[in-house]
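Database features (TrEMBL):
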{"type": "DOMAIN", "residues": "A:10-60", "note": "domain 'Ig-like'"}
{"type": "DOMAIN", "residues": "A:79-176", "note": "domain 'Fibronectin type-III'"}
{"type": "DOMAIN", "residues": "A:177-277", "note": "domain 'Fibronectin type-III'"}
{"type": "TRANSMEM", "residues": "A:310-333", "note": "transmembrane segment"}
Amino acid sequence: DSHTQYERVGADVTMKCGSMDWDAAVTWTANGTDIDESHLNGSYLILKNVDLTQSGQYSCYEGSSWHLKYQTYLRVGMPPKEPVLMCRSNNYPNGFYCSWHLPTPTYIPNTFNISVIHGTKEMVCEKDAFPKNRCHIRYVQLFSTVKYKVTLTVTNALGKSSTTVTFDEVTIVKPDPPESVVAKPVPNNPRRLEVSWQNPSSWPDPESFPLKFFLRYRPLILDQWQHVELSDGTSHTITDAYAGKEYIIQVAAKDNEIGTWSDWSVAVHATPWTEEPKHLTTEAQITETTSASSSSFMPPPTTKICDKGAVVGSGAVAVCWTAGLVLAAYGVLFI
Amino acid sequence: SPAGDSWGIFTFLCAALCNLPALPALNCSEELGAGQSIQKTYDLTRYLEHQLRTLAGTYLNYLGPPFNEPDFNPPRLARATERVPSATVDLDLWRGLTDNARLAANYRAYSRLLCYLRALDGQAGTAELRHRLGHFCSSLQGLVLSIAGVMSSLGYPLPVGPAGPSVPPGTSVAPNDFLKKMDDFWLLKELQTWLWRSAKDFNRLKKKVPPAVVTLRLEARGF
């Protein structure tokens, strides 16, 4: 009959051939390969200072008859080190989740047991199907003054280890990063970029629990970020971008009053609008005359935005002026 | 010397101003529409929460270990729960609160918390700590008045009944020094939690006040 045996890395392992006597003639195999007699002490198999590569199926056969007398699956591994446990509420006020992992692998199966204590009450943390090392709890009460104490115990055949985290309801609040971040150039504005985003979909109630945002941006060629904190709204116009430079932009979110900032969102790239350079037209005219081409000069596609070349300047000014008036009226209404 | 006199006057003015409620606009609370009052009340809870962080740290250090240890997580004794109003509330219940109930809960809580906090004044350690507590109490009084202003502008009656604790502070003194310190610890904890809760309460209230009320008040202020 076969069974599984767990041993620590570096241990000395002695395997007995079932009920056979010490002086019986036997042959041992490891994963089907004969083991040299030098590893035998009588009918016992001695493995000194085992390592991970020695995991496998070990079988013992009676010398002459080749009957299988004993079989075991050796699994070399380690007892668990202190696990890493983290709890976070990305869906406040609905609840929170805890996730964990081992800092180093044990190479053998582990079981995890989690307990959550709130004051005197023990709460059940429901294990998630995916990801595996995660469980979630629904808040029953809100604005609690008593801390939550979460203990995770890892157990395997070679030992156990546990860790505990204690926290207040509000300190573990950390939203997911904002979603659908979009950055676009603003026509006729060479120093502007329009950025918009959405609340993370995991945040259940942005009405009662509004988020504030942190925007950071820099041209790709520089290392220094610029930051803007926005207390409401899910869009912002950057007005000091360097003309013609490609920018990288990210946004983070935080509950207005409690908890910590989310991770940065996925980065988006954008380059501010650039005006079609005027000297290109004259160069093209020279090319036209010298090459004696019969085809008329075709302006590059970008000039379509500007409409007619000569009118671009005044057109842009007209737009700016109108926008300025509208903004001023808006401002007066809402001061 | 003239320089000394003006410095003295300056210090006096500062001390006088520090003891006023944080919101000078409270004198005109009838003029403010509900929308603006709610915003101001919200802002005041944020201000107080920020102030409390420093104040609580100082006070807990005065109480000494284990109260000033970050991991300190004592069980809630029955006597503490009776005395200090708790912000803790069932999640669905909190969501379903009417505006009136929501405001009334805040009003009652801060009225009582103010009372208890004032009782700390006489016993606290250094003059600086007492001064800080005094300033905080003034600001907290401002909050109570601000909430009252919101309630009256929305047409809600102020909650009746004792604004202070059912048993006047000082008469039910804790049987020993340690339990008294525990009471102080829980008072500060509940105050902090109430300020977190109020921010959320007022966020909800903000959304419900019709914007028309805000515009009317803007006209009244001459914009």
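The chain as shown is numbered from 1 upward.
Any Cβ shown, glycine's included, is placed from N, Cα and C.
Unlike curated records, TrEMBL annotations are generated automatically.
Note that the coordinates shown come from a computational prediction; the quantities given were computed from them, not determined experimentally.
Helix, strand and coil content of the domain 'Ig-like' (A:10-60), in residues and according to DSSP, is 6 helix, 21 strand, 24 coil.
Over the domain 'Fibronectin type-III' (A:177-277) the predicted model carries a mean pLDDT of 94.
According to DSSP, the secondary structure content of the domain 'Fibronectin type-III' (A:79-176) in residues is 0 helix, 52 strand, 46 coil.
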